[in-house]
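These come from TrEMBL:
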- 11-158: domain 'DAGKc' (DOMAIN)
- 217-253: region 'Disordered' (REGION)
């Protein structure tokens, strides 16, 4: 493990609340839980209480309102969407600071299992999918070691706030994600089919992308050009003592969306994109190693954008290379990658789907 990572360990015996979505992926989560997961957990002295979700937001409400003290860990067996609900439900609690210390575990049970694939990769296991990936992730739970994971705070122009563990997207990748919903029964092959369909009707999206590069560390950032800009060393000062106890964490690197970005940010000169994707973990799906450099807790948003003018053939080559994480080695001039601390995207018109952790959002200015 990298130096500086500290691990906690689950107690034995251990009591886990398993949140399970029976509809996720191709609908086999309940069967897989009974056949693969439960026998392993029983041997590891982990008792489970299974909560089967019956509707969207069911898990969100449960973890927001429930007394969590009886559980040692919350286990999500589903795709990434259910974990998004759980994270945001926990962050809505008045005691979110304490609630977020509760270890979370992801067991792949959906068609999009990006976080499970990322954790499998960080753990040093071979690239696997389906039952093998489920077995590996269950084994990680059985070992009982847990560590910290980054979350990204996203705010939209209409005033919504989300906490995201995986990524924010606009353009091609988000279109594939949402357009392919109708092929859920195909499992992860839905994304392959969706990619080919979106490739056929390749669209360009207009907007402005800005970011705070990772190199602009505190202390080294150039002084803001506007003497009245409320920025010191890349930090927007928060008035002392204005936070109510239990209020969500402030966005210390961001100025309000109506204002221009601070002077030490970078504004991308191009304004026509095929895709923009800000990812914080290594994998975008079981077969998509998008950010090979990413780690669970690196304090970094891995920002990718693809400029208009790329050919369909090149785009397809990049997506095929992404299954092995070699897409950046192709040195495609249309694909840009930059590690950042914060970003802002302002679409010129409300065109195209935005996604957060694979869930669709209305298209509007957003920053994280």
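Backbone N, Cα and C define each Cβ position, glycine as well.
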Just to confirm my parser: what is the rounded mean pLDDT across the domain 'DAGKc' (11-158)? 95
Its residues classified by DSSP, the domain 'DAGKc' (11-158) shows 62 helix, 32 strand, 54 coil
